[in-house]
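Copied from Swiss-Prot, the annotated features are:
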type	residues	note
MOD_RES	Trp24	6'-bromotryptophan
MOD_RES	Arg26	3,4-dihydroxyarginine
MOD_RES	Lys27	4,5-dihydroxylysine
MOD_RES	Lys30	4,5-dihydroxylysine
MOD_RES	Lys34	4,5-dihydroxylysine
MOD_RES	Tyr36	3',4'-dihydroxyphenylalanine
MOD_RES	Lys38	4,5-dihydroxylysine
MOD_RES	Lys40	5-hydroxylysine
MOD_RES	Tyr41	3',4'-dihydroxyphenylalanine
MOD_RES	Tyr42	3',4'-dihydroxyphenylalanine
MOD_RES	Lys44	5-hydroxylysine
MOD_RES	Leu54	leucine amide
SIGNAL	1-22	signal peptide
Amino acid sequence: MQMKATILIVLVALFMIQQSEAGWLRKAAKSVGKFYYKHKYYIKAAWQIGKHALGDMTDEEFQDFMKEVEQAREEELQSRQ
């Protein structure tokens, strides 16, 4: 999970660099905003994973967290329909 969050951050950074090199900084910011809005549940889940990776988590807490991630994923899929 932490690897996915890292990959996501790198992809967003590369996208921003590509857009700003073309001189479209405003367009890049708008695109990142759209990207965030479209994938906000995954970004929030990645943020939570990062926070929990630094602290101690019991198995029960981890299971509750994974249920929240799955629920957020289902909500996102429903919002796309």
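Residue numbers in this text run from 1 along the chain shown.
Using the three backbone atoms N, Cα and C, a Cβ is placed for every residue, glycine included.
Lys44 (5-hydroxylysine) carries a helical DSSP state (H, G or I). When each of the modified residues Tyr36, Tyr41, Tyr42 is scored by how many other Cβ atoms sit within 10 Å of its Cβ, Tyr36 comes out lowest. A 10 Å cutoff on Cβ-Cβ distances gives Lys34 (4,5-dihydroxylysine) a total of 10 other Cβ atoms nearby, all chains included. In sequence order, the modified residues near Tyr41 (3',4'-dihydroxyphenylalanine) (Cα within 10 Å of its Cα) amount to none of Arg26, Lys27, Lys30, Lys34. Here Tyr42 (3',4'-dihydroxyphenylalanine) is positioned 24 angstrom away from Arg26 (3,4-dihydroxyarginine), judged by their C-alpha atoms.
Tyr42 (3',4'-dihydroxyphenylalanine) has Tyr36 nearby among the modified residues Lys27, Lys30, Lys34, Tyr36, counting only those with a Cα within 10 angstroms of its own Cα. Calculated from their C-alpha atoms, the gap between Lys34 (4,5-dihydroxylysine) and Lys40 (5-hydroxylysine) amounts to 10 Å.
Lys44 (5-hydroxylysine) and Lys27 (4,5-dihydroxylysine) have their C-alpha atoms 23 Å apart, to the nearest angstrom.
When the Cα atoms are compared, Lys27 (4,5-dihydroxylysine) and Lys40 (5-hydroxylysine) turn out to be 19 Å apart.
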